[in-house]
């Protein structure tokens with residue numbers, strides 16, 4: 001048989017697989033695709049197909065006239081059913097149709113035999129039992145039906161539908177004792193809650209209250225759940241048994257206080273007491289529940305409690321309920337994410353509004369216990385304010401000095417100062433000690449801060465404190481420490497020199513400035529030089545000021561330095577006039593002013609020469625310099641000479657330059673360029689030179705011809 005190959009298949013008989021393939025007609029290619037003059041809709045096509053459809057061939061109706069034909073018909077039908085069963089014994093529908101056909105022929109013994117054979121093949125199929133029992137009941141075979149139901153619930157005790165149908169039949173027949181007995185048999189199997197509730201409803205239909213109460217007792221023992229106890233309590237309440245109802249609730253709270261559904265139990269208990277006008281009992285139940293149920297499962301409880309207090313409570317009770325609800329929300333937030341410090345801040349603010357000191361301290365202690373997981377400052381920036389607020393609360397609200405001091409001390413111990421620190425915390429701790437008139441403690445804190453984590457703020461505040469106390473020697477030492485730690489800090493140098501000048505220590509101030517400008521690196525040298533120059537001008541040392549400007553020009557040739565130097569020279573006449581007002585005569589003053597103007601003019605000229613010869617690319621700075629020079633000459637009035645500057649002013653030209661983009665395309669951008677007089681003369685000379693060269697070439701060519 002192996003030689004059959006791929007085409008051989010036992011299910012095909014004598015045919016091959018190729019013979020069974022459906023050959024579809026080859027689709028015709030439409031050459032003319034133009035629309036037909038008469039269009040046909042899909043509706044017309046369907047209508048025509050329906051009209052042309054042939055009539056359905058139905059077998060003729062057979063009329064049985066005598067018993068022989070009936071016997072033949074029954075034999076033929078039974079043979080068909082038996083054949084179907086032989087082919088598909090697992091098909092339940094075949095068995096059901098067979099049995100129902102026998103039933104229709106009034107042959108109940110054969111029908112019962114078919115049902116028995118079906119059940120023998122698949123007794124776990126409860127549908128067969130249901131249909132079998134319905135067959136017996138429909139034909140009023142009561143004992144047979146009881147027998148079927150009894151066998152069904154014995155074999156399939158976990159199928160509730162079988163029990164329900166069995167009990168329903170007995171109840172219809174009026175056999176109440178039998179139905180109760182069936183219920184008892186069912187309860188031995190500990191069914192779900194619905195089974196017990198059906199038993200209870202059955203007893204209540206016949207007004208058997210005590211029996212129902214007994215069943216409830218068994219029910220809550222079998223299913224010790226909140227819903228079971230609540231149903232039991234409602235049953236007792238409906239019967240007017242208030243004491244029994246309260247007893248049920250109390251038993252439930254003892255057994256199920258830690259259950260996940262305990263919230264529903266306490267709400268139902270409180271509402272029961274509320275209906276009984278026991279307001280204090282209900283309030284106590286709500287508070288007991290709020291203290292024992294986890295916050296995440298008490299949302300409905302809080303809502304009910306707030307509504308209860310609004311209805312029965314006074315102003316204090318209502319506020320307490322609202323605070324409790326918000327407290328629950330914050331507890332839920334900090335439980336989900338204890339490192340969310342904003343939630344802790346809100347929680348503390350809530351407790352501070354209530355005013356319970358012990359609870360406030362407890363929340364603060366819980367909050368500060370959540371130390372950030374990493375030693376990075378960005379994680380600590382919000383956390384550190386918990387400590388600050390805690391310390392301020394202890395100092396201001398509780399007026400507990402020692403506890404405040406302990407809070408600051410513990411916080412400063414906790415911070416890893418070798419990695420980062422917080423100047424604000426050091427300063428707050430020092431200011432607290434000053435408010436307590438403990439200067440030694442404040443100095444010790446600030447000294448530790450400078451030793452462990454020096455910062456600009458700490459130095460500035462420490463110096464300010466000592467300055468207010470009048471301890472100049474301490475200020476000098478602090479400035480020296482400040483500059484040892486940060487020698488490039490121009491602010492510190494300037495303030496140190498300013499301190500010495502305020503003490504009329506001119507030489508010390510000058511020495512400090514000299515030390516400062518000799519530093520190899522400075523963060524803002526222009527401010528330091530300006531402060532030094534202003535110092536010398538204020539002291540009236542004009543020659544020293546000029547020397548300083550010259551030294552500054554050796555370091556930088558920025559146009560602002562040139563302008564500042566020139567303005568200083570221009571204003572030098574007024575400075576000297578103020579000093580020697582009684583000694584100088586008017587004509588001498590005029591001559592001196594002219595000399596100062598000439599010096600200022602010479603500085604501007606030096607600057608212009610520098611930009612022209614040494615930095616020709618800085619055209620815009622040079623143009624700005626010349627504009628300042630022109631403005632100064634204008635301010636001089638009769639003594640000024642504007643023509644000197646105007647001959648040097650450049651022309652503004654609008655030009656375009658090509659710019660390449662990232663995508664490879666190009667565009668043009670306009671910009672302002674400056675052309676100075678010497679550049680225009682050079683351009684003219686180049687044009688003349690080119691013209692002369694062209695003329696010379698032309699003459700040489702004519703001579704050759």
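Any Cβ shown, glycine's included, is placed from N, Cα and C.
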Which range of 535-593, 594-652 is coiled coil, per TrEMBL: 535-593
What are the DSSP helix/strand/coil residue counts across the domain 'Pre-mRNA-splicing factor Syf1/CRNKL1-like C-terminal HAT-repeats' (242-326)? 72 helix, 0 strand, 13 coil
Secondary structure split (DSSP) over the domain 'Pre-mRNA-splicing factor Syf1-like N-terminal HAT-repeats' (80-224) reads 114 helix, 0 strand, 31 coil
Could you pull the average pLDDT for the domain 'Pre-mRNA-splicing factor Syf1-like N-terminal HAT-repeats' (328-488)? 87
